[in-house]
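Visitor: Pulled these from Swiss-Prot:
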type: ACT_SITE; residues: 622; note: active site, charge relay system
type: ACT_SITE; residues: 665; note: active site, charge relay system
type: ACT_SITE; residues: 760; note: active site, charge relay system
type: DISULFID; residues: 49-73; note: disulfide bond
type: DISULFID; residues: 53-61; note: disulfide bond
type: DISULFID; residues: 124-164; note: disulfide bond
type: DISULFID; residues: 185-262; note: disulfide bond
type: DISULFID; residues: 188-316; note: disulfide bond
type: DISULFID; residues: 275-352; note: disulfide bond
type: DISULFID; residues: 296-335; note: disulfide bond
type: DISULFID; residues: 398-437; note: disulfide bond
type: DISULFID; residues: 426-449; note: disulfide bond
type: DISULFID; residues: 481-560; note: disulfide bond
type: DISULFID; residues: 607-623; note: disulfide bond
type: DISULFID; residues: 756-784; note: disulfide bond
type: DOMAIN; residues: 103-181; note: domain 'Kringle 1'
type: DOMAIN; residues: 275-352; note: domain 'Kringle 3'
type: DOMAIN; residues: 481-560; note: domain 'Kringle 5'
type: SIGNAL; residues: 1-19; note: signal peptide
C-alpha cells in the first residue's frame, strides 16, 4: 500500500524577485519519493525549500518535496530515475530537470544524465577509479562537475561534448553520443521541441496557446498538459511534419515554423514491434494491405495521392517501402492506398496480446429495459464502487489503470485483480477514504474522484422547481455540504473527523503557522475556526486543530446531493458505450433525458433536438424546412422508443420558432406549455459563451436516426465520439476546408460511428466536471459514418448570447 499520511500541498507558486527558480524543476502534485539520502528541514515557502536544495553540500540534491501545512521541506539525493515514486496526500515533489534529462545543451558542460558508454560502445570507467586509467579529473579534484559513477561528463568544457575514461586499457578516453536537447533545434518532427521560437516560416507572430483571439481553437494548454503548450512558442501537438502555431494575423489561421534540425542522432524511441501494441506507433512490421484489402502505396510516392507524410517530413517514423505505419498519432497503423478512389485506410495488424480485447458491439439481444444501471455514488470508503466515473474533483481526466503514462505505478489490474481496475474508471484499490485515480496531467499524480456517497435515496424525484445549475467547487457556498473538493465551502463546520475542535485561522496557538491566515488568504473564507480548503486539498476542507499533538486534520463535510432538476445530470447513469450509432449501442432508457423527438403533428419522427429549459428546445434550422408554421410540429419528451411510446412520455406542441438570423443551422422552439421536469425529462446545460471544446475531448451523440440495417433501430442509441480540431478536420483528406469556425467536427476517422438522417438537430454533449453540457447540434456530414468524413455540428457556444436573448424576450 502506498503511504499517504502526510498532507496536501500549497498550490501557490510564488514569483521570486530574482527570477523564477522553480522553472528549473519538474513538479508533480500528490507524489513522493522513497529516499535514503535526505534532510528534513523547516521552510516557509517552496522557494525557500528550493534554495536549501541548491545550497546543500553534503550530497547532490536532485529533488525536494514540500508539505505546505507543516511548512516542511525534505531535500533528497534521489529522483524518479533512481527511486520509486508513490502516491501521497498534501505534498508536491520537485525534481531538477537537469538530472532527469538525457540530452545535452551546447557542448554538454551541464549534462547530468546517465549515459555510461562511449560512441563506440565501450563502457565508461568510474570517475573515482584509478584503473585502468589514472584520471586527471575526479570527484575529489572537481567536486562541482557531477563526476558520479561512470556517467559521461564534460568537466573540461571540451568543445566536442561529454566524454569519459574507458574500461579499455588501450583507449584512455572517448566521447559519448549524447543527443541534443530540443530547445534550439528539433529531432524527428519536433514532437518534443521545447524551444522559444514564436514566429512562423513567413515571419508571422504566433498567437498564445491560451488565447482564443484572433483564432478560436481546441488546443487548450490545460487540456493537453503533456504537449508543453507554453506562451506562444511553436509546438507540434497533432502530428504535423514540424512545429507550428496559430498566428496573430486574422487572415492566416496557422502556419508551420522554421525550426532547424538537430545535428546529433535522435533519442531512442523505445522498443519496436512486429505486431500491434497500443496504437502501433512503434510497429515496424511489413504488412502492406488495408483492412478492406487495398494495397498500400509507397510513402515516398505522390501518386495516386499527394501528401506530406513522407520519409523526409517524418524521418524517425521508419516510413519504409509501402508498409503500414502510424507516423502522426492515429488510432492504429495506416497507409495511403493505390486505389485512386480511396485515399487512405487503417491496416489490420495482428495484436501482440495473446487474447486481444473484443471491439464488437454489445449483444444486440440483451433487452435494454432490463439492463442493470450502475449508480454513480459509493458506499463506505468506495472499495465496492464499480461505476464508470472517470473525472476527478478538479475536472481532470483519469489515467487508465493499465497505462504507465504519464505516471508509472503499481496499481495495475494484475497486481489488484479484485479491485475492478477497468479502463480509467475511479476505484479505491488500497482502502483510501474514497475512490480516486491517477490523472492524465503529468504535474498531478492523483486526485480523488468527483463522486458523492450514496444517501439511500438515490433516484428519488422531488417536486420540480425552476431549472438551476449547481455551482462548481470554486463557487462559495454556505451550505453544510461541499461541491467537488470543497474549495468554495463556506459552512460552519468547526470540528475534525475525530471530533476535535478547530483552531481559529487567525490564532497562532497551539500551532504557529504563516501561510493560511485571513491576511494571506483574504478570499478563502478563513473566518473563526470554520473548516475550509484554502489550498485546494484533494482531501477536502480541513483545519488546524486545538490538540497540541495534532497539527491539522480533515473535516467530515459531505458532498452536496444533486437534485433531480439540475441541468445536465441524468438520474440514470449513461452507458457511455464505445459502440456505434451506425452499428449500434442502445442507450439505457432515460439516461439522456434532454433528448427530444421532433415530429410532424401526425406523429412522424424526422429530427432530434435538445431540451435546454422547461419551455425551450434547441434543434437544427434545416429541420424546420418542412413548414414555417409552428403548428406543423410537436415535441416528444421522455421517450426511449421511437414508436409504441411509453405511457409516461410528454407530448407538447410548438408555439414559436426562431432561426438564427445569420442563417447558421441552429433554431429555437418555444413549447406551448412548459415540460414537467422529472427523472426522465431533464434539460442539458448550455456552455459558456464562445467556449471551445478541446481537441480529442470525448463527447456523446444520441438519436433514433437511420441505422442502416443494424440492430437497435427504433430505440434511442448513443455513441462516444472524439472532437476533432477544425485545423485537422479541414485537411484535404478529410473535409477540405468546409468546416466553419461556428461549427465543430466529431467522429472516428475510420468511419463506422456517426449521426445519420433522423439524428439531425440532436445533441452532442460533453461531460465537464459533474454535468453534461450541450456543445453541438447535429448539422451535416458527407454520407453516414464514412471513413475520413467526420460529422459536423453547430458550435452551440457561439450562439449562447443569441439563445439567451431569444429566451429572455419571448
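Cβ atoms here come from the backbone N, Cα and C positions, even for glycine.
Let's see these features in context: how buried, what's close, how far.
Guide: Listed in sequence order, 665, 760, 779, 780 are the same-chain residues at least 6 apart in sequence whose CB falls under 8 Å from the CB of residue 622 (active site, charge relay system).
In the three-state DSSP assignment, the secondary structure recorded for residue 665 (active site, charge relay system) is coil.
Residue 760 (active site, charge relay system) falls outside any helix or strand according to DSSP and counts as coil. Of all Cβ atoms in the shown protein chains, 24 besides its own fall within 10 Å of the Cβ of residue 760 (active site, charge relay system).
The C-beta environment of residue 73 (disulfide bond), restricted to residues of the same chain at least 6 apart in sequence and closer than 8 Å, consists of 40, 41, 42, 43, 48, 49, 52, 64, 65, 66, 67.
In the three-state DSSP reading, residue 53 (disulfide bond) counts as helix. For residue 53 (disulfide bond), the same-chain residues lying six or more positions away in sequence with a CB closer than 8 A to its CB are 61, 63, 64, 75, 94, 96.
Spatially close to residue 164 (disulfide bond) yet at least six residues away along the chain are 116, 118, 124, 125, 127, 150, 151, 152, 153, 173, 174, 176, judged by Cβ distances under 8 angstroms. Taken residue by residue with DSSP, residue 164 (disulfide bond) is part of a strand.
The Cβ neighbour count for residue 262 (disulfide bond), using a 10 Å radius over every protein chain in view, is 19.
A coil conformation is recorded for residue 316 (disulfide bond) in the three-state DSSP classification, outside any helix or strand.
In the three-state DSSP classification, residue 275 (disulfide bond) falls within coil. Note on residue 275 (disulfide bond): other Cβ atoms within 10 Å of its Cβ, all shown chains, come to 13.
Less than 8 angstroms from the CB of residue 296 (disulfide bond) sit 288, 289, 290, 322, 323, 324, 335, 336, 337, 338, 347, each of them six or more residues away in the same chain. In the three-state DSSP assignment, the secondary structure recorded for residue 296 (disulfide bond) is strand.
Around residue 398 (disulfide bond), the C-beta neighbours below 8 angstroms that are at least 6 residues distant in the chain are 390, 391, 392, 424, 425, 426, 437, 438, 439, 440, 449.
Residue 449 (disulfide bond) falls within a strand segment according to DSSP.
Its Cβ taken as reference, residue 560 (disulfide bond) is surrounded by 18 other Cβ atoms within 10 Å in the chains shown.
Secondary structure at residue 607 (disulfide bond), taken from DSSP and collapsed to helix, strand or coil, is strand.
The helix, strand and coil residue counts that DSSP assigns across the domain 'Kringle 1' (103-181) are 0 helix, 13 strand, 66 coil.
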Visitor: Any idea what DSSP makes of residue 622 (active site, charge relay system), helix, strand or coil?
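Guide: Reduced to three states, the DSSP call for residue 622 (active site, charge relay system) is helix.
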Visitor: What whole-number Å value do you get for the CA-CA distance of residue 275 (disulfide bond) and residue 481 (disulfide bond)?
Guide: 52
Visitor: Using Cα coordinates, what distance in whole Å links residue 623 (disulfide bond) and residue 560 (disulfide bond)?
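Guide: For residue 623 (disulfide bond) versus residue 560 (disulfide bond), the Cα atoms are 39 Å apart.
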Visitor: Looking only at DSSP and grouping its letters into three states, which state does residue 335 (disulfide bond) belong to?
Guide: strand
Visitor: Please report the DSSP secondary structure of residue 73 (disulfide bond), reduced to three states.
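Guide: It is in a strand.
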Visitor: What is the total of other Cβ atoms whose distance to the Cβ of residue 607 (disulfide bond) is within 10 Å?
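Guide: Total other Cβ atoms inside 10 Å, all chains included: 25.
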Visitor: Give me the long-range Cβ neighbours of residue 188 (disulfide bond): same chain, 6+ apart, Cβ under 8 Å, in sequence order.
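Guide: Once residues fewer than 6 apart are set aside, residue 188 (disulfide bond) is near 266, 314, 315, 316, 317.
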Visitor: In DSSP terms, helix, strand or coil for residue 437 (disulfide bond)?
Guide: strand
